[in-house]
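**Student:** Below you will find the structure I want to go over with you.
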Amino acid sequence: MDVFSDPTNFDVYVTGFLWILKLTAAGTVGALILGVLLAAMRVSPVPVLRGFGTTWVNTFRNTPLTLIIFFCYFGLFSTLGVKLSDDIDRNNYWLGVIGLSVYTAAFVCEAIRSGINTVPPGQAEAARAIGMSFFQTLTIIVLPQAARAVIAPLGSIFIALAKNSTIVGTIGLAESSNAMKELINANGDQVIAIFLVFAGTFAAVLIPTGYAFGWLANRMAVKR
Amino acid sequence: MSTDAVLYDHPGPRAKIRNGILTVVFGIALLALLYWVYLKFDEKGQWAAALWEPFTESSTWTDYLLPGLWKTVSAAAVAMVLSLIFGLVFSVGRLSDHRWLSVPSGMVVEFFRAVPLLLLMFFIFYGVPFITESPMPPFWAVVAGLTLYNGSVLAEAFRAGIKSVPRGQSEAGYAIGLRKSQVMQEILMPQAARAMLPVIVSQLVVLVKDTALGYIIGYAELLQSVNNLAANFGNIVAAAIVAAIIYIAVNASLTAFAGWLERRTRRKGKAPKSADPVPVGAVEPIGD
């Protein structure tokens, strides 16, 4: 544990996890908004919207996140000239958030769609019978019920997102995997301690989060 | 609920017009976006024939893409076999009646599921050589990382599968005098394996995608060879697009295979009817 008693090393550790935290937070918000929109598109009456949603899901779910982040850097930033900040770390951070969001949104969309499938058809039929439009049926009747069914899968998706944040290190952000690599290279005699601290931090945060989502899902489940 | 046409009525004249307008507006917005991308790419000369020509030559494929794909597939295949074994051992371990076996198994599975795969690979690739004092081949770093992570996910999938087998099945086994290990081997595992077949194949998609992490530690898989290719021809965007298409083709066919397997097992009506449905979250094959 001597490694971390050195303030510079401790700083590296803290900064790494702060980036992970920020990536996870922004990525979660982005993925949730995009994912709900995509799910709504995929069940909508307009064929073009449905096609767009399907294409999105099939494309991003089957492409490695490493490659997507790669694209964000070389495609969005280098070629399309999308510059999100003057600070290089900030810029990479936002590129990473975009990559994580578009990738995770595909999974969120599928989870919500399967959640919609757990709502009995009679609910939507009743809504239609009293004259609700598609938009009303979806937002007032179906999605609120679906939301309770998708807590568990969404939980695992966001836990995966937190872990996937480490991949943004590919484009040079000093997040925790890069921080760990740096510390290991500098302190070869204490690799096990370094790994246990970094991996332990993830485990200490994510395992209880997983159980919390499981508990919440059970509590909120609609008994049918 | 089947989402087709339950959420909305057959369109009447007004709805038809509204849908038509939405189609046109969204279509135009999408085309405008694509055109902007096209223009920007054009500005940077990304459509120059020289950048795309390499993909029509067989040497590009035999020198870069196919060897990369082969490395990806071989790492994924070895990791899949190993993680199946890992998953089997730890799922049975976790269900054991002996606390000295079930508690550590549970801890191992929970730990490796919670640690990011990249962190694991970095530790194995950069850290372990300090301990063993011999370099770690990137192939084994990738395979070991994938095995520990996917093995843990599969262990949870198997456990959910075993628990979804109706209790009467094992009771019947005990009634005719089988021991616990026999009940597990002859009755529970075969049924669980069948019920979990689609999940296992979907996990293979995750595994194939995750081999791309090998690029970060310098394993010469598809993404790495695309990078080398781009270094030679200066066509990073074109090369990455081709790589994405290859990944999507491989994974989409695996997903289709999983869907086919699921339909097939369901059609025969032999998949165990779960008294206690498999918790969705526990076996969701997601992430890296």
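Cβ from N, Cα, C; glycine included.
Caution: TrEMBL annotation is automatic and unverified by curators.
Annotations per TrEMBL:
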- A:17-207: domain 'ABC transmembrane type-1' (DOMAIN)
- A:12-43: transmembrane segment (TRANSMEM)
- A:63-82: transmembrane segment (TRANSMEM)
- A:94-114: transmembrane segment (TRANSMEM)
- A:126-143: transmembrane segment (TRANSMEM)
- A:150-171: transmembrane segment (TRANSMEM)
- A:191-217: transmembrane segment (TRANSMEM)
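Please go over these features one by one and say how buried each is and what sits next to it.
**Tutor:** Sequence-distant neighbours of the transmembrane segment (A:63-82) (same chain, 6+ residues past either end, Cβ-Cβ under 8 Å): 91-92, 95-96, 98-100, 102-103, 164, 167-168, 170-171.
Sequence-distant contacts of the transmembrane segment (A:126-143) (same chain, at least 6 residues past either end, Cβ-Cβ under 8 Å): 36, 40, 43-45, 112, 116, 119.
When Cβ-Cβ distances below 8 Å are used as the criterion, the transmembrane segment (A:191-217) is approached by residues 1, 3-4, 13, 16-17, 151-152, 154-156, 159, 162-163, 176-177, 179-180, 183-184 of the same chain, each at least six residues removed from its ends.
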**Student:** So if I exclude everything within five residues of the ends of the transmembrane segment (A:150-171), which remaining residues of that chain have a CB under 8 angstroms from its CBs? That is, six or more out.
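**Tutor:** Contacts of the transmembrane segment (A:150-171) (Cβ under 8 Å, skipping residues fewer than 6 from its ends): 19-20, 23-24, 27-28, 31, 65-66, 69-70, 72-73, 92-93, 95-96, 99-100, 103-104, 107-108, 111-112, 114-115, 177-178, 202, 205-206, 209-210, 212-214, 216-217, 220.
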